[in-house]
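Here's the structure, in structure tokens; my notes come after.
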Amino acid sequence: MQRYLLSQQFNGSVLAENFTTCPQNATICDGTSCVLAEDNFNETLSVVLSAVLTIMLALVMFSMGCNVEIKNFLGHIKRPWGIFVGFLCQFGIMPLTAFLLSLAFNIHPIQAVVVLIMGCCPGGTASNVIAYWVDGDMDLSISMTTCSTLLAMGMMPLCLFIYTKMWTDSDAIVLPYDSIGISLVALIIPVSLGIFVNHKWPSKAKIILKVGSIVGAVLIVLIAVVGGILYKGSWIISPKLWIIGTIFPAAGYSLGFFLARVAGLSWHRCRTVSLETGMQNTQLCSTVVQLSFSPEQLELMFTFPLIYSIFQLLFALLILGGYRLYRRHRVKTKTDVEKTEQKEDSKSNAKINGGFISNETK
């Protein structure tokens, strides 16, 4: 059963007067915090919202598929240099960064393991929506998300075996292959339908894409809000995890962009690889954590996936805002340059032809 933490700070007098004992259904109580089994309301809310969000996500991925050209998509599969660079970022940079951050902050072994699980997860589907808004390569974005989810079945256990040796036995970590498989099917089917619609009815596909991109942006924010509601009592954890949760996604975006640029990819593909690297499948990480650890261990690190998802979204929105400002400035500058060039051309033509130069062009 899914659990969440209800943490409350007590002073001595309040504890003596009102909180002499933990609730009867508490599984852990150390005097300052309790771990409670999820109540019926939250369980029902979780099921309903999960169903709604899954349907919405499928529709969003269908709309994202409407922006994919079959020829370009197959081109990435046949010449997978961009996918290979993304693979190095996803299963090379991210696990290594998680390992180094865990060492640098000298966190509790169980906390180090959850940071590593996050680093070993495949890319999240939210990256496809943000990639669309920053004029990324949608064909590359979707192919990278699909391939990373597929390869995660082998790469996640391999990376966890390599990096978690010093903290725990990798056999203790339960990987939900069924959840990975469902994520893969939920990604491939709607995207394939979107590609088909774009091939058959390109004009309709453009309309679907515009609607879906807006719904996708709303969905990303909605998921963050829902996570905050479902796990509203889970926020009192180690400050070090807050710091790591801030640094980790920023490092993923930056290192992904840098490696893609070093590999010679174009700017719009660098933006795509950057987003695919930094945006992880945090829901998968939460599932792995809940299946693998006891309530006592969950108390130390259960909220980290949610913290990471918040900051990965925050930095993605900053990237989006920065790109939009840059694009607006560049278009404005380009227009001014074109006007200047037109004036210079009119002057030079007038001199060559001996024509009259008006005061407006002087």
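Glycine is no exception: its Cβ is also placed from the backbone N, Cα and C atoms.
In TrEMBL, annotation is done automatically, which means it is predicted and not curated.
Annotated features, as they stand in TrEMBL:
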TRANSMEM  45-63  transmembrane segment
TRANSMEM  83-105  transmembrane segment
TRANSMEM  112-134  transmembrane segment
TRANSMEM  140-163  transmembrane segment
TRANSMEM  175-195  transmembrane segment
TRANSMEM  207-229  transmembrane segment
TRANSMEM  241-260  transmembrane segment
TRANSMEM  306-326  transmembrane segment
COMPBIAS  336-348  compositional bias 'Basic and acidic residues'
REGION    336-362  region 'Disordered'
- Item | the transmembrane segment (83-105) vs the transmembrane segment (175-195): 3 or more CB pairs under 8 Å | no
- Message: Need a quick answer: max count of Cβ pairs under 8 Å to the transmembrane segment (112-134), which of 175-195, 241-260, 306-326 is it?
- Response: 306-326
- Item | Contacting positions for the transmembrane segment (175-195) when only residues 6+ beyond its ends and CB under 8 Å are counted | 54, 57-59, 61-68, 70, 73, 122, 125, 142, 145-146, 149-150, 152-153, 156-157, 205, 208, 281, 284, 287-288, 291
